[in-house]
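Peer 1: Okay, here's the structure, questions in a sec.
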There are 2 protein chains.
Amino acid sequence: MNRLTREDIKEWKAKRQGDTSEAAASVEEIVKDVRTHGDSAVRKYTDKFDGVSLSEFRVSSEEISDAYESLSGKYLDIIQEAARNIRRFHEKQVPSSWFDTSLDGTLLGQKYTSLDRVGVYVPGGTAAYPSSVMMNIIPAQVAGVKRIAMVTPPGPNNQVPIGVLATAQILGVKEIYKIGGAQAIAALAYGTETVPFVDKITGPGNIFVALAKKEVYGEVDIDMIAGPSEIVVLCDETARPGEVAADLLSQAEHDERSSAICVTTSEELAGKVEKEVKSQLADLPRTTIATASMDTYGGIIVTETMEEAVAAVNDLAPEHLEVMTANPYDQLGSIRHAGAIFLGPFSSEPVGDYFAGPNHVLPTSGTARFSSPLNVHDFMKKSSIISYSEAAWKEHADKIASFARLEDLEGHARAVEKRKERYDD
Amino acid sequence: MNRLTREDIKEWKAKRQGDTSEAAASVEEIVKDVRTHGDSAVRKYTDKFDGVSLSEFRVSSEEISDAYESLSGKYLDIIQEAARNIRRFHEKQVPSSWFDTSLDGTLLGQKYTSLDRVGVYVPGGTAAYPSSVMMNIIPAQVAGVKRIAMVTPPGPNNQVPIGVLATAQILGVKEIYKIGGAQAIAALAYGTETVPFVDKITGPGNIFVALAKKEVYGEVDIDMIAGPSEIVVLCDETARPGEVAADLLSQAEHDERSSAICVTTSEELAGKVEKEVKSQLADLPRTTIATASMDTYGGIIVTETMEEAVAAVNDLAPEHLEVMTANPYDQLGSIRHAGAIFLGPFSSEPVGDYFAGPNHVLPTSGTARFSSPLNVHDFMKKSSIISYSEAAWKEHADKIASFARLEDLEGHARAVEKRKERYDD
């Protein structure tokens, strides 16, 4: 593990950003092609990239129910319990439309409305996670989105992993298309003969998916441009080094570009964590990935004070932050930037990945500076409500017209003043 | 004005989108250049595009206070009153962090934190609006953003319009840079020697600004990619044609690509509105712009029923929607997509542009399907809080570990199970 200081953070962050210009050019072409040629372009790229020749994109209801039947009851129960927890947490986020009235009769407010149509991307291969299906679908359902379309690339035998389909069945998702990559994102953004266009696309994916989401952003909304995952564990001498190390590795095993950093006030703990990481890495099934990740993007920062440690955390703005200190609530107030904050020794990060209820779709790569976990608000939008009363108009019309003229917009001024003709009758 | 039907809407929307690929290539180059060369690149492009050779980007505090002194007291009073209204409306949006506890000691919640640094773009030339300064700055201030930097292109004499500077003074904004275009957006996204990097960029601008915002999106957050403005007036036979026409024209005068559409159940009203538009256009100062806008993007849709009329409104998903019907609240429930909804005959659109309190930064070009008016939430973000209790861990650890193994992530399972060693001691 690398020893870092707070001064290294900026450089360390920059190191994680690769050059994506080549992929970007190819994504631009794919998106344009699907926009123009619809299904036939989607078919062409599915053949090229997934090696599958698709006659029908849509997953049949039999495929979905067969997957459900073939997953063991033990897993079905766990998925169902997790889904209930996730639904309960997200139901607490549902906002209410509100308004405020004045004595003169004016009403101002905000009306919340759910989106009409949402598309959810579920990655294929080893990253085809039932948990991601839940984390993307449930907030949209809680928000009241009526039409949810899921896309996921077909595997080598034109199959979608049964865990993914069984989870869709549990959640009642019926519209699933076996398409992936930039072509799937373009199909959702612009619509094709068989895939309907949506208003927003969410869900993680590889670099082609991420760039395609950026390309279509504006035409539709997107959740975020997800980068590789990261964890920071903030701890003092009361933490158990084995637990710190295990939690760091749970992130490192995701991807060679994942990052796991321990920030601590205890030099002694730091040394023990390093040893634990080494020994736990030895027999981890995904040890190659985790070792590469720890060697390149793993690190330990030892600070003099807890204030400095928290400042380092805020500089990192990590996706996942664990706080294992004597009293984690002492630090909560000064932590400004983190996607999810796990407090105390029993809040191991996988607790949040799968089960506790909060969303595991989180801002990566320091974007917790300005982004939030996926949530119900992401699937709703607001409309301002302005009901100006006759009395308010009488009192303020001249001021509003003056303001318009200050901005050289005579038509605006005249529109407000036009109401004066009512009193000429 | 063009007579349209609901079937024309899709085609009509597509017509408004121009080809931006040439501008996009130039923006990409400018952004890359500023990212690499900082101030010297910003200087180069300011010279090239604004025709101004800048030694110092920062607007001095004297320039700001001089502008304030030179604006007439009448205008200062109106701006101050509008600012109070806008602040009051936005203060009602401030969300609270929340949490929920379980009997077993687990705490789950969401913590709201304001962004640290925000950049606001204020266009130059005839579009340099004091109202835009207020609409962008006030929500950020209400959210608690500590550092707000404003950028605006220098005018021909290296001046910033006094209305803009005076408004900045009223709001207490001190950090203003005389830079504009894609170079200003890049400077805010990556930082230069003199311009600090920010976490989010908001504010309208021309096509170069819009494309630059899309280019840096992901590195920083942005409010939206703003397109040309639009208004839809939904009305029945009770509306006054002169008022409908005046309000349509208040939008049409903005830009040749602005759009103004009247949707009505009354053929008689439609005819009268057409006549009124023609006659009011005749002596409007910005008649060339407004006429071009009305000829190309102005329209009237007459429907048989109010249900169809509302359906047409939802298809259009307009930035501004005025409802001038016998009882506008009857339609409010079925209106799903609109940036701001103005109810009743006294809620002329400029009332919301300047004075009432809701934000005038609104989703354009049909993006009200998935976007909201600029608001306090745009300047805050959430962190999930997960404090899992020992009891909860004991009850659910095995299920969580199973879920992790279903997803083939052994390191995740081991992290949760690592806590079992506590009981071996």
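Residue numbers in this text run from 1 along the chain shown.
Glycine residues also receive a Cβ, built from the backbone N, Cα and C atoms like all the rest.
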Peer 1: Based on TrEMBL, name the residue from B:Ser229, B:Ser384, B:Ser387 that is recorded for the same substrate site as B:Gln251, B:His254, B:His320, B:Asp353, B:Glu407, B:His412.
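Peer 2: Candidate in the recorded substrate site: B:Ser229.
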Peer 1: Please list residues from the chain of B:Ser229 (substrate binding site) whose Cβ is under 8 angstroms from its Cβ, counting only those at least six apart in sequence.
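Peer 2: For B:Ser229 (substrate binding site), the qualifying residues are B:Gln251, B:His254, B:Asp255, B:Ser258, B:Ser259, B:Glu319, B:His320, B:Thr364.
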Peer 1: If you count other Cβ atoms within 10 Å of each one's Cβ, which of the binding-site residues B:His254, B:His412 has the most?
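Peer 2: Within the set of binding-site residues, the most crowded position is B:His412.
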Peer 1: Enumerate the residues of the same chain, B:Tyr121, B:Gln183, B:Asn206 excluded, that satisfy the criterion Cβ within 8 A of the mean position of the Cβ atoms of the recorded NAD(+) site; list them in sequence order.
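Peer 2: Going along the sequence, the neighbours appear as B:Pro123, B:Val151, B:Pro153, B:Gly180, B:Gly181, B:Ala182, B:Ala184, B:Ile185, B:Gly205, B:Phe208, B:Val209, B:Ala212.
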Peer 1: Using DSSP, how many residues in the region 'Disordered' (B:1-20) fall into helix, strand and coil?
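Peer 2: The region 'Disordered' (B:1-20) comes out at 10 helix, 3 strand, 7 coil.
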Peer 1: What does DSSP say about B:Gln183 (NAD(+) binding site): helix, strand or coil?
Peer 2: helix
Peer 1: When C-beta separations to chain A are restricted to under 8 angstroms, which of the binding-site residues B:Tyr121, B:His320, B:Asp353, B:Glu407 qualify?
Peer 2: B:Asp353, B:Glu407
Peer 1: Which one, from the recorded positions B:Glu319, B:Asp353, B:Glu407, has the smallest tally of other C-beta atoms lying within 10 Å of its C-beta?
Peer 2: B:Glu407
